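First comes the structure, then the notes that go with it.
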Number of protein chains: 2
Amino acid sequence: MTSKKPALPQLSKESLEKHLLPELYQWALSHGLLVYKPETPQTQTAMVALTTYPTPVPRACFESAQEVQVPFNELYARISSSDWLYKETKLLSASDEDFTGKLFAIQLKLDEFATTVSKDVIQPLRLGIFRSDYIVDKNSNSIKQVEFNTVSVSFSGFSGKVAALHQTLDSKGLYQEESNRTPFFQPNYEIPVSFPSAGFAKAMEVALSKYDTPNDRANLVVAFIVQRGERNVFDQKCIENELWENHGIKTVRLNFDDVLTELKLDANSNRLYMKHTGQEVGLVYYRTGYTTSDYEIEKDWDARFFLEKSYAIKAPDLMTQLSGAKKVQQLLTDDTILTKFVKDEHVKDQLKETFVKIFPLDDTPLGEEGKRLAMESPHNYVLKPQREGGGNNIYKEDIPGFLRGLDKDQWNGYILMELIDSDATEGNIICNGDSTFAVPILSELGVYGTVLFDHDSNILYNESPGWLLRSKFGDSNEGGVAAGFGCLDSVVLY
Amino acid sequence: MTSKKPALPQLSKESLEKHLLPELYQWALSHGLLVYKPETPQTQTAMVALTTYPTPVPRACFESAQEVQVPFNELYARISSSDWLYKETKLLSASDEDFTGKLFAIQLKLDEFATTVSKDVIQPLRLGIFRSDYIVDKNSNSIKQVEFNTVSVSFSGFSGKVAALHQTLDSKGLYQEESNRTPFFQPNYEIPVSFPSAGFAKAMEVALSKYDTPNDRANLVVAFIVQRGERNVFDQKCIENELWENHGIKTVRLNFDDVLTELKLDANSNRLYMKHTGQEVGLVYYRTGYTTSDYEIEKDWDARFFLEKSYAIKAPDLMTQLSGAKKVQQLLTDDTILTKFVKDEHVKDQLKETFVKIFPLDDTPLGEEGKRLAMESPHNYVLKPQREGGGNNIYKEDIPGFLRGLDKDQWNGYILMELIDSDATEGNIICNGDSTFAVPILSELGVYGTVLFDHDSNILYNESPGWLLRSKFGDSNEGGVAAGFGCLDSVVLY
Ligand SMILES: Nc1ncnc2c1ncn2[C@@H]1O[C@H](COP(=O)(O)OP(=O)(O)OP(=O)(O)O)[C@@H](O)[C@H]1O
Ligand SMILES: Nc1ncnc2c1ncn2[C@@H]1O[C@H](COP(=O)(O)OP(=O)(O)OP(=O)(O)O)[C@@H](O)[C@H]1O
Ligand SMILES: [Mg+2]
Ligand SMILES: [Mg+2]
Ligand SMILES: [Mg+2]
Ligand SMILES: [Mg+2]
């Protein structure tokens, strides 16, 4: 092992096109790195966008990102069940009526519902399936947190496959010219592989095992709540396959329409059942519901309420989802607030090490500073609303004009975040569809977390089952793979 | 376990289309049951054609087909290295100039070559990778052999996946209506799973381990000789993946052009090397070269000669390929000939049990009978030339006219085979592309064999690593999946 940053292969066009890419394509397709293309039949698929080579990441950064995951899981578990979050979300609802407001309205209905039923039909457990995203800051050479995702985190199934693909291509000597079919990176440099989807399945299995039921446990199912016309099916399928093949747990896939037509709540027990099969849903796992466009029709909000009020464990429940708000991330940079939830000073320092400056845009002194910075030095900042799913942020010079176009009372719904400055990687090649792009890329490291906890913040299970590297064109501001801006990558450590 | 033939599920349209098929498609695609469609980019693929349910096969038939495989392997190993085959092939060359003739011409050149070099640069080992195909005869309720394939047998990689798919769908209760999500077949009926591609890889590993080399063994590669524009890549990829993942053995894929440009023979040792990488090819595995159309240009015959003459082990060598001629199959139905190769009476009887009547069309008494039957009762027969790959046979009423259209001296190149009469299975559904076909199907059971032997018929390794079930529309005469006539299926035993 060495600590010099590895160069990337510089293959001739012939080596790339004749030897490396066909092997990469066939490996990827035959190992399930698939996505449905728009408007194609269900029996046809295409390779998901990915890089040709792994991208160098400093080992220290990689390890520190993983070290903080279990503490971050615990932090967000505590926040989720706190009065503090409840109050903050209530405040936020006012300045973000379309999304936070609507979700919080459901929470209010849930609170009301809770007063009308006996306590034992309310599920105390909740499952957090998180991903904390980082960029390696080039000035400090340390990881800085972009955001903490608390709902519908994707690519847990693909992450390990891409790493295994890169490892295989390297081991087979395909990263070298033909004259030298030896590994390019290994064994000097490690290409680590993790299988977060296996960890997700394990966490779900643990959750189900703690779910009490008078019925046959073998009949419990996990309901994957998915988008209509979802194209990223195969990533989700990895979790379903793990659940079935390693744990014998069945899954069903339901969109919000199906939720209202195919599920029913038992009037007495408040348990969730599949109407036609009679199977009890022990766990509701959301792969939709995280963005306004997921609620296409008014009834979709009813579907969400229906699921939330059931006795099934939710992954995540509403408040856990809301804990991932950008606003919460901003508030946690305030030491007084962080201290409420993290008692251990050393751990707190570790978490704080990953924070960059985030400002509110309200009437507090910090908010006033935020407003000033947004107007006077926007090039160092990104402006974020309370949204998920990419494509919502306002960058740099666009910020002042954007803010001026808003009513001042909406400013509170945004946070102003320092831009993390990272070194672009030269020499990697993005495969997207049948095209390749040899352009500088920027990478984002995501670390997955799974945590089972109850509404008193007791933690029953807390793991970090792996990571993800995604990369995007160096000149694109957004990094969502599904949104088409980025692609899957893997890590080569140095 | 019960011995009553199981019915197949009779699902409502809704259950089929809404629940079963999406799961089937996604499982199949994410587990690599793929084929390249014509004219699509290398990064896009489609599901291979397959049945929705497994097809009932009597356990006794299934077991007896497997029992005879190791003896059949041995039989064909003996035949391949016999003077008898050499003489018969020579005779056959005259009446089949286009294919047998051309292959045998290469054999003659090889013989000549052998006289010019020292014996130790001629490879004594050969690897047979076979598949014996059967149809369950409805009159005797026993298996009858359709043909014995000695070259480029396909679907070893897909066979196990389709069985695992059917097993999974059944276990998940998707073969039932929604009101009853329990298995339809299991545990009363078994859906067995075999992984022949793992067995192929094992046999290749054994072959390589017996291949002597002065070079670094870790650098030995297996060369897959493939068709130009091969679309059935993913089935072959399964063997490549097994070789790499379980045995650390590298593979290269070469078409006949590549053979002449990318390989070289060492003048002294006659060893085969990759020109640019310097890797030694220890084993040549043919997935092309079995049909006239595989030799698109004259140079392709040179490529074949080049490979055959090398010191690499061939899977199969020319004579082993030629042992799979329909003519040989016909001759083996003659007890005197079979007795030359099979000494054990009991084994001989077992093999003979699988034979139907096959006639030559020559001037022997049996040949005269064949000619008479061909003209007088053609509806009981199929006429076969010395060809592989499907689409070459002449059926029933078409036989007399076809024969009359030939020169009499070409008749010798054909054999007349009794048709095996099997019960069509009703109720299965073929998924081909995005269409489904609920039509009666006919099924063919293939049993794979792997045998390593030398030119003195010493047998070093002999295994039967699994099976394949293929089905086709009941009204189609041919069953080639790749040719579009048929599809992959699996077995449910009773
Ligand atoms: N502080 C930052 N510094 C540099 N780049 C950033 C920063 N914040 C966000 N970005 C870039 O913008 C992208 C989107 O931001 P973010 O992840 O916060 O939004 P999102 O809407 O939650 O998207 P998603 O949940 O789909 O990842 C990030 O992936 C990253 O590429
Ligand atoms: N004796 C027979 N009785 C019934 N059907 C037969 C018989 N012989 C052949 N068939 C049918 O014709 C198909 C093709 O025959 P056969 O397999 O002998 O030809 P082939 O050209 O070697 O094809 P391939 O090697 O691609 O399977 C078989 O799969 C089977 O469906
Ligand atoms: Mg993000
Ligand atoms: Mg996000
Ligand atoms: Mg055949
Ligand atoms: Mg054949």
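Including glycine, each Cβ sits where the backbone N, Cα and C put it.
Because TrEMBL annotations are produced automatically, they should be read as predictions rather than curated entries.
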Record-annotated Mg(2+) site (TrEMBL): member among B:GLU369, B:GLU376, B:GLU388, B:GLU397 besides B:GLU147, B:ASN149: B:GLU388
Check: same-chain CB within 8 A of Mg(2+) site center, minus B:GLU147, B:ASN149, B:GLU388: B:ARG131, B:ASP133, B:PHE148, B:THR150, B:VAL151, B:VAL153, B:TYR290, B:GLY324
Least surrounded among the binding-site residues, given as B:ARG131, B:ARG231, B:LYS472, when other CB atoms within 10 Å are counted: B:ARG231
Among B:GLU147, B:GLU388, which are binding-site residues, the residue with the most C-beta atoms within 10 angstroms of its C-beta: B:GLU388
DSSP three-state assignment for B:ASN149 (Mg(2+) binding site): strand
In sequence order, those binding-site residues of B:SER152, B:GLU388, B:TYR395, B:LEU419 whose CB lies under 6 Å from ligand 2: B:GLU388, B:LEU419
Secondary structure composition of the domain 'Glutathione synthase substrate-binding' (B:221-323) [DSSP: H/G/I, E/B, coil]: 42 helix, 26 strand, 35 coil
Cβ neighbour count (within 10 Å, all chains shown) around B:TYR290 (substrate binding site): 22
Mapped DSSP class for B:LYS472 (ATP binding site), helix or strand or coil: strand
Candidate with sparsest Cβ neighbourhood (10 Å radius) among B:PRO385, B:GLY391, the listed binding-site residues: B:GLY391
